[in-house]
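See below for the structure under consideration.
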Amino acid sequence: MGHDHSDVSDANAKFLPSSDPEVVPLQNGAPTLATHSLGAEPEQAMETNNHHTAAHESIYESQAIPLEPANGSRSPVANLQQTLEVEHQATSRRDGSGDSNVNRADAADSENSSTPTSTSYNLFNNPPNLARIRQVMFECKDPIEISLEEFETYWPFIDNVWVKQRSNSSKEGHCTTDYYMCRLRRPTHRTSETRPLPEGKRPRKKRVREGGICNFQIKVVRFEGAYSTVTIARTPGSSSIHSHDLDFIDKVKRNSGLMEFARKEAVKGYLPSSIYTKFQEEPEKLVEAGGKFCTVTDVRNVSAKWRIQNPEVNLIPHDGYDYQKGHGIVRSGTIDGNSKAPVKPTLPKASLDSPLPPDTLSFPQFPLDFLEPYLARYDERRQFPHVTLSYASSMDSKISLLPGMQTVLSGPEAKLMTHYLRSRHDAILIGVGTVLADNPGLNCRLEGAGGFGGLGRMWQPRPVIIDPTGRWPVHPECRMLRTAVEGKGKAPWVVVSPGAQIHPQELMMLKGYGGDFLRIVEYNQNWRLRWEAILRALASEGIKSVMIEGGGTVLSELLNPEYTEFIDSIIVTVAPTYLGSGGVGVSPDSKRDEHGKPNAALNPRDVKWMPLGQNVIMCGKIRAVASGQTNGSNTPSAESS
């Protein structure tokens, strides 16, 4: 991991024998000789005449051989006589009734295809949503929590961006922490003394890399346990963004995931130019894997080490292709080269490679910029998390028809907005009464979230249940736990008091799903758990933003003035309906001034009203501003989309 096959120089890479024998695919660990292609010329001449030259290769392309070790168990070709006999038999088969299937069988096995045609098997086996996930792992805007399997799948396709700082690695318990810096953090040019070259070796063409220095740094924390995970996050001293885009780094260096596709074909004995030609037949997958700037020289470098270790083997083009002087690799039967396979790579389609769950929600196509002023800012230092109260209410401030009765108040657009808000918060907090009544999943189901086409648990908030007495039964059929098992969300944290009786089996079960119990020992004057202690505990666990969705008791309590210093924003979805006096209401306690006259309990500031489908969204700020800033008007302002 971390190796790249296009950036390591070796003197032997450019001095392979000029008459490279043909390649053999491996079968059962031993080489099987392949046939000569009709009219094939020595590989060096073919690569020289190939119209896909490396004249436009990137400034950091090298004449390198791959670092990956060869299979030591593979035996070399025994003797030339055996070679010629097998080659003669294979050539006879090709000239006779049909093409040789020696190489084709191995190629088919490598692609897990049962009965592929000789020219239709794919070289690429990209993991799902590779282009999107490469971009997410490149930007690393927020901490990324993924499984160890996902990390090992996707990291090779982004390892060209990073250089590991080996001296800073550390291990503590089950956690191993590694630090990486952007490859472009080093100076753009480093002068070196001119060294004498070995006899016969040509000097490399080096160019100064353009662009500035990038100070983007990350740490990768591996946790090994029953559910092994990897967390990728920016380090405190890192820049907030790269000084370049992903295309720029793909031009500087190729990733090892892309080069592994080329290596697998190289050890089957195919010509580098033929492998490159097959690459170009799948331009969308090539670009998706980071190969927009891949050249035939990159492929040649990957195959160099294997070719040096197997000098008796000749290289051949893929079945259905021939080498034609002046035209390079062309489809068999072509004499003018007009049907060459390579085409210019295009950007990948914005489609997903794997089917999405049926309950996936489309990402909102309407503007949600009006929410930004009311969401967390991660660049500010805070003692407590950013807290947003968000719920749906009728026009008479009711959230359900009856206690414990689920009532739908949000239209389709407001529902998408709610899931978008979930994706923008680290945690969702609700009371145990709502959990017992609704059995919610408390996850984000937008397309692109973890479990819905996204990487790991991307965009998935942590459910937090306020359950002082331990009423919630931990059961495998609970939606939150099923969601966690399916990879569509995270297991909950349950906030309990010291007196809560938690069965050891429930404790172990919840921990097994990735959740936990958080015991809070601080009470208020009403012998309830102090919200200050709850929020402080969440902050100590790395939670920077909390979205509180209910139920009515929790929301009403937090709307009281004594909690305004902890509540940052309120976002209410108002439905055009009245639920009646029997409904469950949300309202702070009544207040009176010093003269005993009734007074408004709470006046949000910086209020915005936005129509959204059949609902209207009310946004406001609650937490007091710093001295010297205006509190704004208490009168709501009307805005339209």
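Placement of Cβ uses the backbone N, Cα and C atoms for every residue, glycine included.
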Annotated stretch (region 'Disordered', per TrEMBL) among the listed ranges 87-125, 321-359: 87-125
Same-chain residues at least 6 beyond the ends of the region 'Disordered' (584-604) whose Cβ lies under 8 Å from its Cβ atoms: 391, 393, 396-403, 551-552, 555-556, 559-561, 564, 570, 620-622, 634
DSSP-assigned states of the region 'Disordered' (584-604) in counts, ordered helix, strand, coil: 0 helix, 6 strand, 15 coil
Average model confidence [pLDDT] within the domain 'Bacterial bifunctional deaminase-reductase C-terminal' (385-616): 91
